[in-house]
2 protein chains.
Amino acid sequence: MNFRIVLYVLGGLLRLLGLFMIIPLGVAYYYGESLTPFLISILVTTITGFLLLSYKTEEEWMRKEGFAIVALGWLAAAIFGAIPFIMDGISPLNAFFESMSGFTATGSTILTDIESHPKSILFWRGMIMWLGGMGIIVLFIAILPKLGVAGRQLFRAEMPGPTEEKLKPRVRETAKILWIIYFVISFLQVIALMLAGVSLYDSLNLMFSTVSCGGFSNYALSVGAFNSPHIEYITALFTFIAGVNFALYYRAMFVDKNTLLKDEEFRFYTALILAASGLLTFLLWRDFGTNLSDSFRLAIFHVISVMTTTGLVTTDFNLWSDSAKMILIIVGFIGGCAGSTGGGIKVVRVLILLKHSRMELFKALHPRAIKGVKLNSKNVPEEIVNSIVSFVVIYLLIFVSSALVLSVLGMDIITSFTASIATLGNVGPGMNVVGPMGSFDSIPLLGKLVLIANMWIGRLEVYTVILLFTPEFWKK
Amino acid sequence: MNFRIVLYVLGGLLRLLGLFMIIPLGVAYYYGESLTPFLISILVTTITGFLLLSYKTEEEWMRKEGFAIVALGWLAAAIFGAIPFIMDGISPLNAFFESMSGFTATGSTILTDIESHPKSILFWRGMIMWLGGMGIIVLFIAILPKLGVAGRQLFRAEMPGPTEEKLKPRVRETAKILWIIYFVISFLQVIALMLAGVSLYDSLNLMFSTVSCGGFSNYALSVGAFNSPHIEYITALFTFIAGVNFALYYRAMFVDKNTLLKDEEFRFYTALILAASGLLTFLLWRDFGTNLSDSFRLAIFHVISVMTTTGLVTTDFNLWSDSAKMILIIVGFIGGCAGSTGGGIKVVRVLILLKHSRMELFKALHPRAIKGVKLNSKNVPEEIVNSIVSFVVIYLLIFVSSALVLSVLGMDIITSFTASIATLGNVGPGMNVVGPMGSFDSIPLLGKLVLIANMWIGRLEVYTVILLFTPEFWKK
Ligand SMILES: [K+]
Ligand SMILES: [K+]
């Protein structure tokens, strides 16, 4: 392990983070709010960045350094990104929680009176989700495939061009394309929201939350605060878009117009959303007497929001009937598409596991048959199935363990399980105590630390973080 | 598919079932209860058996016939075994539920006033668990390995002698050995219970429930009715014994005395029980102020009972704190050892999945390393890992789907999830409405049918039943 390289790259990252902090500083200036929080944050972050940049080296980073950079990079961003919150009077642990929740685009919040905070602080809170979302896309499509992590070829296969060159130039080129797509989608949503009458400030914040699948809102009532079906449908549409593999958009534009319709993961993603929304519409109509069109509006918004692990809401789904809640729990487990900003297990993993099981059933009848799993007409190598399996096993193990810790700390079963999956799957809100109108503030200290770890681990596809905690990783 | 063979074997099975019904007839005679229920049951079952035996054939049964015989055999037993309950005045659906719960050694009950039923009926209710347990062992160690189902070699490896001969003589020989072990354990428990002052009738019934990991009790308070630590510890010990791979007992006696200690599954099973009992002891002590020795007694009994999926209780664990309940939920998912009478996912499957994940983590750091999963110092073939994966995927899919159905029918989330796993994992009691002192009677009709299917599917290792519902199975 070459520590110099890791520190050097982290230095560059912090310098960049310091630069980004100038934006909320401008917002604070515009609204006549205190500039101190951001001035101090910029100073601390930038100085630390430059100190680390002194470890300059010409060496290339390899596999191990790659894992360390990704995991520690997100951790460092969450730590330094928390400074503005601390300056705003939030306790360091809560500030760290909120910052990690932002950078991992989780959207679980410890704030209890959101509207009481300065606009610039809330802007920063939204912006870090957006930055996190940017990082996630690059991580998924450009970095993880190179590190050989869980389900790697799934994303690699979608990107054009050769993939066996040196890491650096390839990452930059891929990242650039993806960011342009991310920018364009962000821009379109802001325009759409402003045309619907939303202020620029609110449009930007809602866009941050949507395209990153983040889910923080500047309003306690979340998207419900706008009280507008029009805005809800715009948000739902862009949430749906954010939950799709971004590499597909590239292919659709430059390679094959029908990419989306041909892609099995996209089709399964859409089918699941429609099926779950249909059932949920029925349940809301049956259990609450809501008329069908309002039931559908509620259903499609929340199914998309929870399945993409965005976590924006238009109502307190914690008050729904248990069957309606169960649908949200199930889709939240599945998550968005690979290569999207969404979290969760990911649609493609679920799809491959289902195909794998169907094939095994077939083999039980025809034991001598040689048959593999296919995705988009291509064979899925055994090693991908293997890495998906271990991903899901470790994921479920962490899910159950952290739920157990929370319950030992005194939380009820539903709060424990949903807080665990809400953070590990980067969904945001859970149920009961941590429901959409609740807060993670009341969770005891140890519980908060576990949930912070969950967000970090879940966001970085489990392996990236877990590896850091194996003795094997630190061996020469 | 050769229907003749299937019908012929089912005929033999029903004739045998009719013979077994003579035992509760004797019990009814002894206690001066009505003989009619069993006379009619014997008549109907035996006549049907002889009718089917007319399909006599000299042909051997093959893979497909094997699946059909196992799945339909259990179904037929549950249907004909329900006749005495119907004669006792229980509704046909409830009688079928109770009978399936017995033959699958699930122990979920629809009875609400257990003590009001005749002794002979309750004896039959216990006896079918015991018969079911007998069937399970043979299914696991002798039949499934031959059919090539999920995790087959796991059990085959443990049995002595060659395994490639014709199916019939091999099954008989293996079955005989296993039944002797089953008889001996049953006998020892009855002796132990009688020495502790339990009546012969009660001893037999408690033994039926224990060695089969069944869990029905003749008392609403279950083992708590005896109000004796001595009897509780005897029951816990024999439950523990019933949760171990029976093939290991054979090996320990005739091949290698240290088999148990050397076996990784057994060690993991024991370690999990000790760890979960330790944590549960702490929680019961902390949350209820129960003294440590009573907490331990409660903890070890219920951890063993739920983990082996027996489901006997000495108290209403539904009243425990949520953290204590969560421990039971987690161990109930894991289940007993393969080749035991316990249900659930099975310890060895969980163990192999964990080993597999650890290996994948290692491979993420050393992508060129060639390394497989080992169990008991032997390599676990890829195909076993694959079959375990698809088993678990289908298992979880059924678990979630049936919970969803229950919740749509109006059950709360905890009842839905726990009723689903209690039946699919053949545990018996769930929580809330279906808790240890509750009953499955209040579940709506469709829900009961789903849960009956769960018991059937879960007991026969998923594949055996699921295959029957694939079009592939019925193709020429
Ligand atoms: K989120
Ligand atoms: K049971």
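Our numbering is plain: 1 for the first residue shown, then up by one each step along the chain.
Using the three backbone atoms N, Cα and C, a Cβ is placed for every residue, glycine included.
Here the transmembrane segment (B:7-31) has long-range neighbours at 37-39, 41-42, 45-46, 48-57, 61, 69, 72-73, 76-77, 80-81, 84, 118-121, 123-124, 127, 131, meaning same-chain residues at least 6 beyond its ends whose C-beta is under 8 angstroms from one of its own. Look at TrEMBL and you will find B:7-31 (among others) tagged as transmembrane segment.
Sequence annotations record features per position, and here TrEMBL assigns transmembrane segment to B:37-55 (among others).
The transmembrane segment annotation in TrEMBL covers B:67-87 (among others).
Taken from TrEMBL, the feature transmembrane segment covers B:127-149 (among others).
Sequence-distant contacts of the transmembrane segment (B:177-200) (same chain, at least 6 residues past either end, Cβ-Cβ under 8 Å): 130, 133-134, 137-138, 141-142, 206-207, 210-211, 226, 228, 230-231, 234, 238, 241-242, 246-247, 249-250. According to TrEMBL, the feature transmembrane segment maps to B:177-200 (among others).
Annotated transmembrane segment per TrEMBL: B:233-254 (among others), in sequence order.
Residues 240, 243-245, 248, 260, 290, 292, 295-296, 298-300, 302-304, 307, 320-321, 323-324, 327-328, 330-331, 334, 336-337, 347, 350-351 of the same chain sit 6 or more residues outside the transmembrane segment (B:266-284) yet have a Cβ under 8 Å from a Cβ within it. The transmembrane segment feature in TrEMBL is assigned to B:266-284 (among others).
According to TrEMBL, the feature transmembrane segment maps to B:296-314 (among others). Tertiary neighbourhood of the transmembrane segment (B:296-314): same-chain residues 106-108, 209-210, 213-215, 217, 222-224, 229, 232-233, 235-236, 239-240, 242-243, 269, 272-273, 276-278, 280-281, 284, 290, 327-328, 331-332, 334-336, 340, 342-344, 422, 425-429, 436, selected by CB-CB distance under 8 Å and a gap of 6+ residues from either end.
What TrEMBL records for B:326-354 (among others) is transmembrane segment.
Residues annotated as transmembrane segment in TrEMBL: B:384-409 (among others). Nonlocal intrachain contacts for the transmembrane segment (B:384-409), taken as residues 6+ away from its ends with a CB within less than 8 angstroms of a stretch CB, comprise 149-154, 345, 349, 352-353, 356, 373, 415-417, 419-421, 423-424, 443-444, 446-447, 450-451, 453-454, 457-458, 461-463, 466.
The transmembrane segment feature in TrEMBL is assigned to B:449-470 (among others).
Stretch with the most C-beta contacts under 8 angstroms to the transmembrane segment (B:67-87), considering only B:37-55, B:233-254, B:449-470: B:449-470. Cβ atoms under 8 Å from those of the transmembrane segment (B:449-470) belong to residues 67-68, 70-72, 74-75, 78, 93, 96-97, 100-101, 103-106, 108, 132, 136, 139-140, 144, 147, 149-150, 343, 391, 394-395, 398, 402, 405-406, 419-420, 423-426, 440, 443 of the same chain, restricted to positions at least 6 beyond its ends. Within the chain, the transmembrane segment (B:233-254) has long-range Cβ neighbours (under 8 A, six or more residues past its boundaries) at 133, 137, 141, 155, 158-160, 177-178, 181-182, 185, 188-189, 192-193, 196, 206-207, 210-213, 223, 260, 263, 265-266, 269, 273, 297, 300-301, 304-305, 307-308, 310, 312, 336-342.
Same-chain residues lying 6 or more positions outside the transmembrane segment (B:37-55) and placing a CB less than 8 Å from one of its CB atoms are 3-5, 7-8, 10-19, 21-22, 24-25, 28, 80, 83-84, 87-88, 120-121, 124.
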